[in-house]
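Colleague: Reproduced below are the annotations present in TrEMBL:
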type: ACT_SITE; residues: E252; note: active site, proton donor/acceptor
type: ACT_SITE; residues: E261; note: active site, proton donor/acceptor
type: DOMAIN; residues: 1-105; note: domain 'PRMT5 TIM barrel'
type: DOMAIN; residues: 120-281; note: domain 'PRMT5 arginine-N-methyltransferase'
type: DOMAIN; residues: 284-430; note: domain 'PRMT5 oligomerisation'
Amino acid sequence: MWDIIRCICDYNPRLTLTLDLTPPLPSVPGVLSRWAAEPIRHVFLPASTFIANAKGYPVLPKGSQTFIREIMKHRPIVILSGAADGLHSRGGEAAYLQYVRHLEKTSPSVMQMKTAGTVENFAQGYQDYLQAPLQPLMDNLGSITYQTFEQDPVKYERYETAVTAALKDWPVSERIVIVVAGAGRGPLVARCLAAIERSEKEAFVYAVEKNPNAYVTLQGRKAQEWGDKVELLFGDMRTVQLPEKADIVVSELLGSFGDNELSPECLDGAMRFLKPNGISIPASYSAYLAPLSSSKLYNEVRAGKDELKACETPYVVMFQAVNILSDDGGLENGRCGPQVQECWDFEHPRREAVLDEQGLPPTNTHNTRSAKLTFHIPHAGVLHGLAGYFEAILYNDIGLSIHPLRKDRISKDMLSWFPLFFPLKACAFICSWKMYRLCLTMS
């Protein structure tokens, strides 16, 4: 019924929802959780929804508790009714209000937003806000952009750990050469120098940067901090010449979907720096997709001046009012993949690469990728777009991830990347227990 009403209203952004939680409520958690992707303005919560705990005070059943905590991130107005009817022996009218306030305070999303250092705290004000992905190859990033990303301690700690491990594992005792390809304002250079000190190896760093504004900052840091430990090279990593071959190339060119900021194309040009046994950090990265429902994001895309162009543009988004439609339930029959599925991956360096006399690939066809994915949709919902994620292996088991099911294990509270949202021009209703097949090509 809700989908019919909003379609008749053409997804009018002023259309909001009051959710009636009068029992009986659905016993399957997924049926309730999909409402978290809708524009909930009010929640109607009658006293009959509550049950008595061991002491006679009113509490909500476990499933309802979880759902209320989840939707508290939307700050809905909760309407309590029947609190004066005496349905529960202890607490009186105030007990219902106190309990709802307790659920709000213990909501994971609310707690994370109030905790310094978490992604949710860092991204306040950016939830469900559409941002165009960066294009560092085409554009010279501004100082404010660099400063924002340099606030991420997790990413650079992972890089330092990866470089340290690589240096300790390096079999040769002579001087090791490291190239930082795309040095920006120098955070990776500083981390490489820290890794050299930790590993107690003899090493030297070349820093390559094409952005003239960032290069000025690098010159200042070299003069004040790094001295003769670092040599700066101004130019595009695909064309600049190095005085000697490198053992390790370190870069941070990844986008929210792994390859969407032209990391493969840029690193193809930087791999010519390497000796035959040289390595790249990152060594590989993979792109992932999941079907997504979100009225808020769908409306935001359609609100653009050029709706067709807006629907053909991916956006970097800190997801909040969203629901992933798929699950792992289809794995039993082998016809569907997991909830979030891998599309493709890239490795650096490519050991069997075809290169010209300058060490560059003659074409870009080797970076073409395609994928066919099949998702299991357990509960009916509206498909508004696709959620894109990435996962990278820096060195051995040291990685970076924004994969929603693995990010906390691999790189918890990393701030540098939000997921990517691929909107659909026309949304699609998918029935319960159906398969959603997706074919896509990247070239």
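Here the Cβ of each residue, glycine as well, is placed from N, Cα and C on the backbone.
Automatic, uncurated: that is what TrEMBL annotation is.
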Colleague: In sequence order, which residues at least six apart in the same chain have a CB under 8 Å from the CB of E261 (active site, proton donor/acceptor)?
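Modeller: Expected: P133, L134, Q135, P136, L137, L253, L254, G255.
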Colleague: Below 8 Å Cβ to Cβ and six or more residues apart, same chain only. Which residues does that give for E252 (active site, proton donor/acceptor)?
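Modeller: Listed in sequence order, they are K155, Y159, G182, G184, L188.
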Colleague: Helix, strand, coil residue numbers for the domain 'PRMT5 oligomerisation' (284-430) per DSSP?
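Modeller: The composition, in the requested order, is 24 helix, 62 strand, 61 coil.
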Colleague: Work out, from DSSP, the number of helix, strand and coil residues along the domain 'PRMT5 TIM barrel' (1-105).
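Modeller: The breakdown for the domain 'PRMT5 TIM barrel' (1-105) reads 46 helix, 20 strand, 39 coil.
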